[in-house]
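Below you'll find the structure, written out as structure tokens, and then a few comments.
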Amino acid sequence: MSTLEEVLSEAYKLVIPSEEEEKRIREVTQKVKRLVSQIIEEGGIDALVDVYGSGARGTWLPGQRDIDIFVVLNDRRIKPEDVVKILTSRFTTLGLNWALRYAQHPYVSLQVDDYEVDIVPCYKIQPGERPITAADRSPLHHKFLSERLKKDQILDVRLLKLFLKTIGVYGAEIKTEGFSGYLTELLVVYYGSFIEVLRAASRWRPYKTYITFVETSAKFKSPLVVVDPVDPNRNAAAAVSLTSMSTLILAARRFLKKPSLSYFQPSRGYAIRQVETVEVVYPYPGEPPDIVWGKYKRIGRNLFKWLRECGFKVFRWGVESDEKTYVKLVYVVEQTKLAPYTLHKGPPVYDDAVDAFIEKYVNEEVIGPFVVGARAYVIKKRKWTDISHCINAKLGKGNYDIRVNLYDGDLVRKTPWLT
């Protein structure tokens, strides 16, 4: 068995980028920054073009191919949409490969070699000032972390990001509902190191963990609360779901008990093929990813409840997508075909509700009503015995396919990192 020190020694090596990679990301960043600055200046826009986020603080992971450049507007009469229009017009003239993305407002994603550079307009705000868009906080976040994140903590941030990525909870988008890069860095600043974050996380309790850098009177109702130091009315951990928080708690406990490099090496576990599954597969809609994930998680949750009402036992379910061609709902079930009859439990015989139960079923084609113990029961015919028919009844006609027992994704695989 490897010791904690031995595992950490090897793990730190995984998050140190090569000199060539560091040089390349600097070159691409500066190249795009100069271009954007030139376009903004020529457009007569009063703004500062700068790099924030992990790229600016050196907390990015090896292999990361995304860079964030911000256009910080001093003039609030200028709309982010105007900035995007000026940038995309010039990018088109130059023959560059760009795409329009959406958060609270549009921004531009520019493809440079094998890097994706997001160019995000935002407004300049002062500490404590109410932001107009979520991106407005980014310069303040950068200032706070740059002043507090020590040089020897940069590797700890990278290691924590890799740990979170491996266990599937890195990213604040709706797809993941996990820990943002900013939140990850805040945790290292607060607790001091990667291992101290894990020691603390192993003792966290949902809805009882409150981390703050500043005094605030704001009340938050989230599994995890980390008060944003640049905006005390905001919970920097608001995106973290109960499942994501609990996954980190479990991973931290197990890693501290049995350290292993598996927590830093994302991989797929082997599939358990004996279980039954059903997939509802849709073509990917032309909408922003957060919209798509939110929409299909809602559809998936409603269908999950419906399947249970129909008598299908669902072990687990999820939404999966390549964000290009498909989005699908996946259900791991006990069985995809049910027996034609089911036992239906009624009220106790001494309860007034038993009369309505008897009157409902006494003339129906059921077995019973009969009594077992103190309750009335019937054995009645199911409306749907095939899971596909049950799904069609709920979703109606639509542009989707139903696939039964063809799935071999993560929902039917062994958890590869857990020791």
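Each residue, glycine too, has its Cβ placed from N, Cα and C.
Of the listed candidates (Lys150, Lys161), Swiss-Prot assigns Lys161 to the same CTP site as Ser54, Arg57, His141, Tyr170. In Swiss-Prot, the Mg(2+) site is described by Asp66, Asp68, and among Asp118, Asp136, Asp152 the residue recorded at this site is Asp118.
Put simply, of the binding-site residues Asp66, Asp68, Asp118, the one whose Cα is nearest the Cα of Tyr170 (ATP binding site) is Asp66. Around His141 (ATP binding site), the same-chain residues at least 6 positions away in sequence with a Cβ under 8 Å from its Cβ are Tyr52, Tyr182, Val230. Residue with the densest Cβ environment among the binding-site residues Arg57, Lys161: Lys161, by other Cβ atoms within 10 Å. Taking only the Cα positions, the spacing between Asp118 (Mg(2+) binding site) and Ser54 (ATP binding site) is 13 angstrom.
If you compare every pair of Cα atoms in Ser54, Arg57, His141, Lys161, Tyr170, the residues listed for CTP, the longest distance is 18 angstrom. Taking a C-beta cut-off of under 8 Å and a sequence gap of six or more, Asp68 (Mg(2+) binding site) has these contacts in its own chain: Val51, Tyr52, Gly53, Ser54, Gly55, Val117, Asp118, Val120, Ser138.
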